Amino acid sequence: MNMPLNPEQTTCFMIKTITPATALRGELSSLPPDKSIAHRAALFASVAKGESVIRNYSAAEDPQSTLSCLRDLGVPVETDGSTVIIRAKGRKTFSPVRQLIDCGNSGTTMRLLSGLVAGAGLDVTLTGDASLSSRPMKRIMDPLGLMGAQIASSDKNRPPLQFASHKGLRAIDYTLPMASAQVKSCVLLAGLFADGETRVTETLPSRDHTERMLGLETDFNADGSRVLKSSREFEVLPQQLKIPNDISAAAFWMVAASIIPGSEIVLRGVGINPSRSAVITILQRMGADIRVSVPPEASTSTTVGEPLADITIKSAKLSATDLLETEIPNAIDEIPVLAVAMAFAEGKSTVRKAAELRAKECDRIAAVAEMLQKAGLNIKEYADGFDVSGSRSNACQAADYSSHHDHRIAMAAAVLSLKADAPSTIHDADCAAISYPTFFRDLESLRS
């Protein structure tokens, strides 16, 4: 490759050495709180009237970026350990204290916040780090522009995004050109400020936290596509909620326990929203020994309609699988570590219709291919995915990996390194803290 997979990847930070594992055993009850739900809980609270209390808020860098942005927009945000308290005044809460709003590395922060900033007609600029500044924003600029938002970008529809005041937004009827919970949420949030009823149609399902948490009205077309609605008449209520643990973080341990003989891991309090749990379905289809049970506290947990479970994973003999097109949006964040599972599953696994992976924190298709090739494993890269020819007896070579400043690549490389024939190294491994600050500590706690 002639250029970095991630434009920020010009220097290396923490280099982490991962030694092979003979087995992983133990229990994790303090996985990171769900990142997707944390972002939304804080953003929705900022346009509610009254006090919202969010317990078990994530300490990961991305959700913390959302809180920082809200403070910069004048939203009263208090924290007490992992509890966040937001006292807001509805849609009139925003009173920016600075013009430049830094979203850090968080695409979710920038895309969802854009809906609120556009709706409120604020004169601010949303910016981010070099990685975020390379990510496409036309997908939200187009529908927001149709609504009457004033947005400028100086670099091919990429951040920074400059917002200007306007005379008011108009509702639109918008069909998503791709399955994207971020675009869907952005338009629906802008619709909370618009004149009329905004309708968003999705032909392929994406994660449904926004409509589930807000309680938005949903219709279905004759072809099965979903139509979601928002309007300025819709009242966003303050909430008292506890965020479940993140299934995307849990996925690394599901794969690690499955491929390392003699392993057994129990994960407590994991969110298993049906629009996020494809990773469990896919691994079970591959033959993984994964048991899901509902803990007693689930019935009293205030997770705003988000189901909870305890998950037990034991090592198993895996077989290859083909990811279905309908599973891609549901499992988009888990595909890098699923590729690791595929490398040790018997037969050829395929991933297609996943070109969105190239627009993540790095080009994840290229990064996954590079990672498996360095380990001496068989992967063939395509424009929209890859094939992995796996075997339960595959030899995995120790390697020197780059994370490309992508937290999910760093953690997937760590899981792969557990199968290696000698210690491996991961450069810029500290980027795991973007979503999972205690990942390497938890890994060491599970070693037998």
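First residue shown is number 1, and so on along the chain.
Backbone N, Cα and C atoms are what each Cβ position is placed from, and that goes for glycine too.
Residues annotated as domain 'Enolpyruvate transferase' in TrEMBL: 19-443.
Sequence-distant contacts of Arg408 (phosphoenolpyruvate binding site), defined by Cβ-Cβ distance under 8 angstroms and a gap of at least six in the same chain, are Ser248, Asp333, Pro336, Val337, Lys360, Glu361, Arg364, Ser435. What TrEMBL lists as phosphoenolpyruvate binding site is Lys35, Gly107, Arg135, Gln182, Arg364, Arg408.
In sequence order, Leu176, Ala179, Ser180, Ala181, Lys184, Ser275, Pro329, Asn330 are the residues near Ser206 (3-phosphoshikimate binding site), counting only same-chain partners six or more apart with C-beta under 8 A. DSSP assigns Ser206 (3-phosphoshikimate binding site) to coil in the three-state reduction, placing it in neither a helix nor a strand. Under the heading 3-phosphoshikimate binding site, TrEMBL lists Lys35, Ser36, Arg40, Ser180, Gln182, Ser206, Asp333, Lys360.
The number of other Cβ atoms within 10 Å of the Cβ belonging to Asp333 (3-phosphoshikimate binding site), over all protein chains shown, comes to 23. Look at TrEMBL and you will find Asp333 tagged as active site, proton acceptor.
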- Which of Lys35, Arg135 has the fewest nearby Cβ atoms, counting only those within 10 Å, among these binding-site residues? Arg135
- Message: Give me the CA-CA distance between Arg40 (3-phosphoshikimate binding site) and Gly107 (phosphoenolpyruvate binding site), in Å, as a whole number.
- Response: 13
- Could you pull the average pLDDT for the domain 'Enolpyruvate transferase' (19-443)? 96
- Cβ-based isolation winner (fewest other Cβ atoms within 10 Å) among the binding-site residues Arg40, Lys360, Arg364: Lys360
